[in-house]
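Below is one structure, written out as structure tokens, with a few remarks after it.
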Amino acid sequence: MVEVTVTPQSSLADRPVQIRVRGLSPSQLVTLRAWLKDEQGECFQSRAFFRADEAGEVDPGLHAALGGSYSGVWPMGLFWFLQPDTLFRRLVKRDVAGSPFRVRLEVFDGLSMGTDPREQPLGSCEAERWYMGPGVQRVPIREGRVRGALFLPPGPGPFPGVIDLFGGAGGLIEFRAGLLASQGFAVLALAFFAYDDLPRVLAQLDLEYFEEAAELLLRHPKVRGPGLGVVGVSKGAEVALAMATFLPQVVATVWINGTSFLYGNPLLYKELRIPAIPYYTERVLFTEVGAMDNSAIFTDPRDPAHRASAIPVEKIRGKVLFVVGEADRSFNSKLFAELALARMPPESGRILSYPGAGHLIEPPGSPLCSNSSIRGTPRPLAWGGEPQPHARAQEHSWQEILQFLELHLGSVAAMKL
């Protein structure tokens, strides 16, 4: 009787699990497959080939995969290397409160390439991967101009507060906020365009909107002030750096693959206006799979003509953690981080730079998305990254991000799921 188990069977999506297969013949060649369907019904799957040990067991945490979606010893490889059946799809959990991703784990005799739909597994089980821990509350936010969702850990608090921002696709993306709340932070997943009654397109960055959001979060009785953190990726990282520069409430900023200059959209704050450097979209390149490589549409920020578009980071009073994927194909994020750090007060920032990592550095368990379609672009975008170094970067940077936020915002009580 072949048995497949995953321990724990139900877990937070950023936590490791152990997969075990028992009941095989010694040295039997098998295929381990993981697959799930997202909320749109799109299938993501991975597979790896193993030989059972002398006891007839396979443990991906101990035994090297011989081939398949990856090779070598990767305890979470079947989760990290999930890929969509349809090109340009990105695995994003939308309903973080209502349901987990259910990942089916199956073992097949011999090499299963996935071409025969009649093939039956020798054994299977299901893992639940949640984006909110037990007792975390999700509260929709529609107050003043602010739109988003507030995630509160269980208990009376008060909890350190964090604003969570995504990028140029707009809308409201909540999966990182749910995971951060499960680590003990009170997190406002903040939309800033293309959501509810917010502007459909991003014409300008109105920093007073983000200031209103910061004040709203700090007023909440379960949020511990006086300072808060901001986490942002891509356009959201640009916003996060501007918030760190102008808003005294922001004391800890996590900048993931962003810019340190204004591109495409000017920034407005009270009487101040920072002009934007235009995108040179005629420089876009099409990749071998037909995605858009936008790295060349960002002109060199070191050109003296662009000096007025720099975010004045020399005014930053808090701390900034720059997270860089060196294989980012959206723009040269390492250059932007280095230029910012060079102008910031001493000891106020540091760079975590990851060779081989792409643009979308997310919590561990999120498979690499090197190309995907997003709202408002005529073709899919190339994000870059190589699967194995990108997976390592996500695992390492997530722990660094959590430690950075806790160091500068105060201690948290993480969940055990």
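Using the three backbone atoms N, Cα and C, a Cβ is placed for every residue, glycine included.
Averaged over the domain 'BAAT/Acyl-CoA thioester hydrolase C-terminal' (206-410), the predicted model reaches a pLDDT of 96. The domain 'BAAT/Acyl-CoA thioester hydrolase C-terminal' annotation in TrEMBL covers 206-410.
According to TrEMBL, the feature active site, charge relay system maps to Ser234 (among others). The 10 Å shell around the Cβ of Ser234 (active site, charge relay system) contains 23 further Cβ atoms across the protein chains shown.
Under the heading active site, charge relay system, TrEMBL lists Asp328 (among others).
Positions annotated as active site, charge relay system by TrEMBL: His359 (among others). Listed in sequence order, Ser234, Asn257, Gly325, Asp328, Arg329, Ser330, Ser333, Trp383, Gly384, Gly385 are the same-chain residues six or more apart from His359 (active site, charge relay system) with CB atoms under 8 A from its CB.
Note on Asp328 (active site, charge relay system): other Cβ atoms within 10 Å of its Cβ, all shown chains, come to 24.
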